[in-house]
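Undergrad: Encoded as structure tokens, here's the structure I'll be asking about.
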Amino acid sequence: MKKDFLSITDLSAEEYEDILTLAARLKRQRYAGVPHPLLAGKTLAMIFEKASTRTRMSFDVGMYDLGGYALYLNAKDTQLGRGETVADTARVMSRYVHGAIMRTYKHETITEFAKYASIPVINALSDKEHPCQIMADSLTLKEKFGELDGLKIAWIGDGNNVCNSLIMASVQTGMEIAVGTPKGYEPDPAAVKFAKENGGKVTIYDDPVRAVSDAHAIYTDTWISMGEEDIKETKLKDFVGYQLDTALLNKAADDALVLHCLPAHRGEEITDEVIDSMQSGVWDQAENRLHAQKAILVRLMTQGY
């Protein structure tokens, strides 16, 4: 039976740890120049409604590393953009390829596609979640701290899709998530509810200083997501005081790790001094998209579960 990765909640704690372990092994093999064609003869469809740098490159290069082939499809250039149903598209693509990723505006598009696809489907970003990003983040944190359990991660800024996935990942990882966000920009209540009902530790503050207190890592993201350009000025005003600068970083634990899933709007949500500092894990985090996603692809496309 096929397994999809639409939400971070699709993984058990054991599966979560297994993917991180495999990702670390694949990373070592890549650095050592050891071939690992675990997906030889496999083709991945990459369906994009939203533009991307890291997502497209990491999946494309990842499939090449694994001996497979990645087929890029801009949704507007397919029959999806001309009115063909998601269900019919999923049925047809399932006859051509061995797996699919989707980067889309609406989470419902991915769940609908997965419902009718007979191949594994991976959420490469939706308005509700970004689970692949959180796996890369978890690999980065594990490399830095050794274990995830007991870490305090402070999220500063908009309670967006990445924040939702991070909150729900507290269940599998044992990480404590502290969110500092202005009122009206809180994460999805359903994500918070899920975490708290399943043993996760999550606290929401409207004060960034309280959120970062004793944090092992501080995570931020752009305040203005794609499609929100019309409310940019409003959000810039609302997020005054939530910039990750040196003063806020100094309120966290000593040598706290700085995370940002990129692209960064320097001078808005984060300063040059912080993102380029010795405490920045941002570039390792970006690289780890490649390794974490390769592990996800292997596990799903070889029926590893």
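Each Cβ is built from the backbone N, Cα and C atoms, and glycine gets one as well.
According to Swiss-Prot:
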- Ser52, Thr53, Arg54, Thr55, Gln79, Arg103, His130, Pro131, Cys132, Gln133, Cys261, Leu262, Arg289: carbamoyl phosphate binding site (BINDING)
- Asn161, Asp221, Ser225, Met226: L-ornithine binding site (BINDING)
Undergrad: Measuring Cα to Cα, how many angstrom lie between Ser52 (carbamoyl phosphate binding site) and Met226 (L-ornithine binding site)?
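TA: Each residue's Cα considered, Ser52 (carbamoyl phosphate binding site) and Met226 (L-ornithine binding site) end up 11 Å apart.
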Undergrad: Measure from the Cα of His130 (carbamoyl phosphate binding site) to the Cα of every one of the binding-site residues Asn161, Asp221, Ser225, Met226, then give the nearest.
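TA: Going through Asn161, Asp221, Ser225, Met226 one by one, the closest to His130 (carbamoyl phosphate binding site) is Asn161.
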Undergrad: Measure from the Cβ of Gln79 (carbamoyl phosphate binding site) and count the other Cβ atoms within 10 Å, all protein chains considered.
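TA: Step by step: centre on the Cβ of Gln79 (carbamoyl phosphate binding site), count other Cβ atoms within 10 Å, giving 12.
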Undergrad: Between all pairs in Ser52, Thr53, Arg54, Thr55, Gln79, Arg103, His130, Pro131, Cys132, Gln133, Cys261, Leu262, Arg289 (listed as carbamoyl phosphate binders), what's the biggest Cα distance, rounded to the nearest Å?
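TA: This binding site's residues have a maximal Cα-Cα distance of 31 Å.
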Undergrad: Reported as an integer number of Å, what is the Cα distance between Cys132 (carbamoyl phosphate binding site) and Met226 (L-ornithine binding site)?
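TA: With the alpha carbons as reference points, the distance is 18 Å.
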Undergrad: Among the binding-site residues Arg54, Arg289, which residue has the fewest other Cβ atoms within 10 Å of its own Cβ?
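TA: Each of the binding-site residues Arg54, Arg289 was scored; lowest Cβ tally within 10 Å is Arg54.
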Undergrad: For Cys132, Met226, Cys261, listed as binding-site residues, tell me which one has the smallest number of other Cβ atoms within 10 Å.
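TA: Least crowded of the binding-site residues Cys132, Met226, Cys261, by Cβ count within 10 Å, is Met226.
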Undergrad: Cβ-Cβ under 8 Å from Asp221 (L-ornithine binding site), same chain, 6 or more residues apart: which ones?
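TA: Correct list: Gly157, Asp158, Asn160, Val162, Cys163, His260, Cys261, Glu269.
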Undergrad: Of all the binding-site residues given, namely Arg54, Gln79, Arg289, which is spatially nearest to Ser225 (L-ornithine binding site) at the Cα level?
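TA: Comparing Cα positions, the closest of these binding-site residues turns out to be Arg54.
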Undergrad: For the binding-site residues listed here (Ser52, Asn161, Ser225), tell me which residue's CB has the most neighbouring CB atoms inside 10 Å.
TA: Asn161
Undergrad: List the Cα distance (Å, whole number) between Asn161 (L-ornithine binding site) and Arg289 (carbamoyl phosphate binding site).
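TA: Cα to Cα, Asn161 (L-ornithine binding site) and Arg289 (carbamoyl phosphate binding site) are separated by 16 Å.
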Undergrad: Give the distance between the Cα atoms of Gln79 (carbamoyl phosphate binding site) and Met226 (L-ornithine binding site), rounded to the nearest whole Å.
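TA: Here the two Cα atoms lie 23 Å apart.
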Undergrad: From the Cα of Met226 (L-ornithine binding site) across to the Cα of Arg54 (carbamoyl phosphate binding site), what is the distance in angstrom?
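TA: Cα-Cα, rounded: 15 Å.
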